[in-house]
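Engineer: Got a structure for you, questions after.
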Amino acid sequence: MSSTNQDGDTSNHDQIFVNEEQVRQSSNSGNDKCGPGEDKEKKKNVNAMEWDGPDDSRNPRKFSTTRKVYITGNLAMLTFLATFASSILSPANQVLSTEFGISSEVSILATALYVLGFAFGPTVFGPASEVLGRRNPLSVGMFMFAIFTIPVARAQNPATIFTCRFISGVFASAPLAIKSKAGGGLADLYDTLPRGIAVAGFASATFLGPVLGPIADCDAVGGFVTMSHLGWRWTQWLLLILGISSVLLYFFTVPETYSPVLLSRRTKQTLLENRNVAIQAEANRKPINLRDLSRKYILKPWIMIAQEPILALITLHMGFVFAFLYLCFEAYPIAFEQHRGWNIGVGALPFLAVTAGVLVGVAIIIFHTKTRMQRRLQIHGEVPEERLIPMMLGSLFLAIGMFWFGWTSDPDITWGLNYLIDVYKMNANSAISINAMFRGVLAAGFPMFAPYMVSNPRYRSMDY
């Protein structure tokens, strides 16, 4: 017995069941004597807990638009902060090299290890969100992310910086694993069409965070932090302030949105109120099946990427795009600061062009969703391939932009996640987790060879 959600896929997300034998035994107990009609009704009420009709206001998908936007905004803010922290130290690589006596290649580990943490976090926060819901694991993850910025800010050696940056990255992956991927959090709130717009917003938060990180090594009063008397350590104090304030706002103002957890709590409350103590005790004793969780979140993603060409190709593409973005964090300072002599603050301003590109991309996705996608959805139902059109357009402009940057990087040359979710539905979490792990590994590796690509005279003098 199952319920069909509004996306057309069948799931058990809207009903929580209690063992029928327990209900029968409870119904036959001395305190629960009733007639046949009453017994049938009682079984129905206890055995299948679901939302009170299609318009139940407690169902997260039936929240008001204002409430959904507020929740989505909070989640986007946490996602932005997690990715913002990944690149905020990249302009300070030379400062770290000088202060701790390490090579510039080693100093890049402050960024690379943080991003590598994104590859490991989903294996923890994915299962946690299925068992405990979205709110608590996300709050714990972002709180611990903020805490681990303290030892980085107080570090007296590079080992402390690298270790704590990696751990901070693992915890910061919580919003990426739970909420920013529509296979998890956004599907709690939105149906197919509006979810496309919400995913576009989250994609912008994911990319704007690391893009604005180097620019935000500054404040409005003190000037560029890394260049000022405050020094690079204040980038971490800034993350601590933003992290603690954001997670407190989220924890105290955003409700749980995962239907199975909400219905499970409601079931237990109903059983307790109906004095079904035996069933309540059994429900509380139900163990968490670690084998099933391990199979779903550790083995299944790898099985899917080996067997599903769609997932493999989309993951490869997204991993390359994400990795290229982090390559730019190391290439831009070399191209604009070392080659052109710009200072650290001005040298980070070219990232504003990437910001503009992300915003234009979001606008294109929203326009496509509200026009062609909406018409196709009304005529043919769900057509996952429609999600590919903006991606193909973006891929074309990405190739042009890469060529353009490579052509003009030398100053002597004159310069002039929706698709996967629609396809895999109930397996979207597994598809997204392997995608996130792959992106994290690539994004951690690309910055390591960026200096050689941009600085090597052999490449700089190449005639494009």
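Each residue, glycine too, has its Cβ placed from N, Cα and C.
Since this is a predicted model, take the numbers as computed values, not measurements.
Summarising the annotation, TrEMBL assigns region 'Disordered' to 1-62. Positions annotated as compositional bias 'Basic and acidic residues' by TrEMBL: 35-44. What TrEMBL lists as transmembrane segment is 69-88, 108-125, 137-153, 159-177, 197-216, 236-258, 310-332, 344-367, 388-407, 436-454. According to TrEMBL, the feature domain 'Major facilitator superfamily (MFS) profile' maps to 71-464.
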Engineer: Short question: most Cβ pairs under 8 Å with the transmembrane segment (137-153), which of 69-88, 197-216, 236-258, 388-407?
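Structural biologist: Top-ranked stretch among 69-88, 197-216, 236-258, 388-407: 236-258.
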Engineer: Could you tell me whether the transmembrane segment (69-88) and the transmembrane segment (159-177) are in contact, taking contact to mean 3+ Cβ pairs under 8 Å with a sequence separation of 6 or more?
Structural biologist: yes
Engineer: Just to confirm my parser: what is the rounded mean pLDDT across the domain 'Major facilitator superfamily (MFS) profile' (71-464)?
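Structural biologist: The predicted confidence over the domain 'Major facilitator superfamily (MFS) profile' (71-464), as a mean pLDDT, is 77.
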